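First comes the structure, then the notes that go with it.
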Amino acid sequence: MNPSEPLGLPNERVVDTRPSDATLSPEAGLNRSGALPRELLSLPVVVWAGVGLLFLALQAYVFSRWAADGGYRLIETAGQGQGGSKDTGTTDVVYPVISVVCITAAAAWLFRRCRVERRLLFDALLFLGLLFASWQSPLMNWFHSVLVSNASVWGAVGSWGPYVPGWQGAGPGAEAEMPLASASVCMSALIVTVLCSKALGWIKARRPAWRTWRLVLAVFFIGIVLGLSEPLPSASGISVWARALPEVTLWSGEWYQFPVYQAVGSGLVCCMLGSLRFFRDERDESWVERGAWRLPQRAANWARFLAVVGGVNAVMFLYTCFHILLSLVGGQPPDQLPDSFQAPAAY
């Protein structure tokens, strides 16, 4: 298989050269005590698996504190839209339902493909990585409320952001999060990542002399163009940008205002995830999976899963930091909210 060929093609087959569990030795994967030999601990896949394990441990800690403290309960507020309505609109129910249906269908399709291929596909790992990175959604509100969710959306709960160590934003129950609706963000990110990966393959086939940096730069601009479609969730009243720099914001002051730099942030995410999916070595391993072939099959699957989770979380963390830093520069909220929007207490 061409190492630059995107994953996910029906006819891809990779010869498994990993040692089996029956032949474990210090030279092949785990030693007899069940530990990794020292020379394998420096493999990229093991290092990134450690990063993924840290992210999983952190979110387990955050969610356990959030659940134990009852942080999922939203503080009751009067409707603050133009009409002060607290009623749940059709979009507030349909959007999360469609999100759940789509995410379930994608999971079933990827599971079936893994069964057919008889191996753990990278796209399935990417799907899981995006799901396990969605916990970062409230973190851009670290200091100020940047993206505010409609508290009347079906399934809206209190944000778990206040339970992240070092949190400086609003207190428990003052901001809303939409776990069900957020599933659509994972689906969108997966689709856009595949599109950017395909675009990289298309460009490389037509410009074989282009160096890697030119390919990455090209897909970055493609990601920016795709990111310009993001005003749609705001236009539907699901969420609003509560803090946006007016000088670089479309429709500044309106409830559907859209900061143009969000497209730049999306372009960076698309660029990094698309490159992660596209650029493979001769063993069909991405840069976070390098060295997985040296591990036994069972250990390799777990290491690859944790490594991709770590890589995707690192990408989303950079994106979150991008918005946190810009929120410190300044920004203004919309002048008014739509009728169906129930603002959380922190707004």
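Each residue, glycine too, has its Cβ placed from N, Cα and C.
Taken from TrEMBL, the feature region 'Disordered' applies to 1-29. Taken from TrEMBL, the feature transmembrane segment covers 40-63, 93-111, 120-137, 180-200, 212-229, 260-280, 301-326.
Fewer than three CB pairs closer than 8 A are found between the transmembrane segment (180-200) and the transmembrane segment (40-63), and contact between the two stretches is not assigned (pairs 6 or more residues apart). Using the rule of three or more Cβ pairs under 8 Å, pairs at least 6 apart in sequence, the transmembrane segment (301-326) is not in contact with the transmembrane segment (212-229).
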